[in-house]
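Listed in Swiss-Prot:
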- 73: active site, charge relay system (ACT_SITE)
- 120: active site, charge relay system (ACT_SITE)
- 205: active site, charge relay system (ACT_SITE)
- 58-74: disulfide bond (DISULFID)
- 154-211: disulfide bond (DISULFID)
- 184-190: disulfide bond (DISULFID)
- 201-226: disulfide bond (DISULFID)
- 30-250: domain 'Peptidase S1' (DOMAIN)
- 127: N-linked glycosylation site (CARBOHYD)
- 176: N-linked glycosylation site (CARBOHYD)
- 1-27: signal peptide (SIGNAL)
């Protein structure tokens, strides 16, 4: 894998690889965040088991009226034919009139490597076109290979647990995070919350990282434990996949 990872100052790339492969935990919750204003993040999707309404297991982002971007590992062990995609949600246990529910007609992967947590992105084609408006809207994509500088402020969000032993929240949570470049890889955007234990964790994989109003990351994994203060949180870098995404979207047009 030489050449695949940048070498952060003072960190050998093979040490970073060992940490990622040996200590990665796929992300699923927002630790230390707060409740989002209802329906203020209209691009956020909830992936649920069709037989169990409200059974959120991963997040996603609407990037086109017929497509949701999520993490590839979300459907590694679950058939996409058993999944319902919910848009326009805030309270997952409430029958909100804003909610729109879809099945999946097709999935598109891009060389996902689960051993090294690379290319952790997956496109879900919905069975019909979403009705766009105030509560359901499409997120903006970055330019191909667009980068984020150290210190960029972003927003992570999801319905994952509020702590390791805490229950799963009913309502959407969000957290202000800061982009960091140490202990990161070119395939990822990495973030920390300075000076406090907060971040992503078990249960909200696939959810968005929004920076300057643009979708820059897909919630992917953490190293060793959640909100450790030692390692950043890892998101799949959306800007690496924009050309691939656009090719999929063009190919799906009638």
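From the backbone N, Cα and C atoms, a Cβ is placed for every residue, glycine too.
Structural mapping of features recorded in Swiss-Prot.
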residue: 74; record: disulfide bond; Cβ contacts under 8 Å, 6 or more apart: 47, 57, 58, 60, 122, 205, 206
residue: 127; record: N-linked glycosylation site; Cβ contacts under 8 Å, 6 or more apart: 102, 103, 104, 105
residue: 154; record: disulfide bond; Cβ contacts under 8 Å, 6 or more apart: 148, 176, 177, 178, 179, 189, 191, 209, 210, 211, 216, 217
residue: 190; record: disulfide bond; Cβ contacts under 8 Å, 6 or more apart: 179, 180, 181, 182, 183, 184, 232, 233, 234, 235
What number of additional C-beta atoms lies within 10 angstroms of the C-beta atom of residue 120 (active site, charge relay system)?
31
Please report the Cα separation of residue 120 (active site, charge relay system) and residue 73 (active site, charge relay system) in Å, rounded to an integer.
6
On average, what pLDDT score does this prediction assign to the domain 'Peptidase S1' (30-250)?
90
Could you check what DSSP calls residue 127 (N-linked glycosylation site) once collapsed to helix, strand or coil?
coil
Could you check the recorded positions 176, 205 and say which one's CB has the fewest neighbouring CB atoms inside 10 Å?
176
Using a 10 Å radius around its CB, how many other CB atoms surround residue 211 (disulfide bond)?
23
Most Cβ neighbours inside 10 Å, all chains, among the recorded positions 58, 73, 184:
58
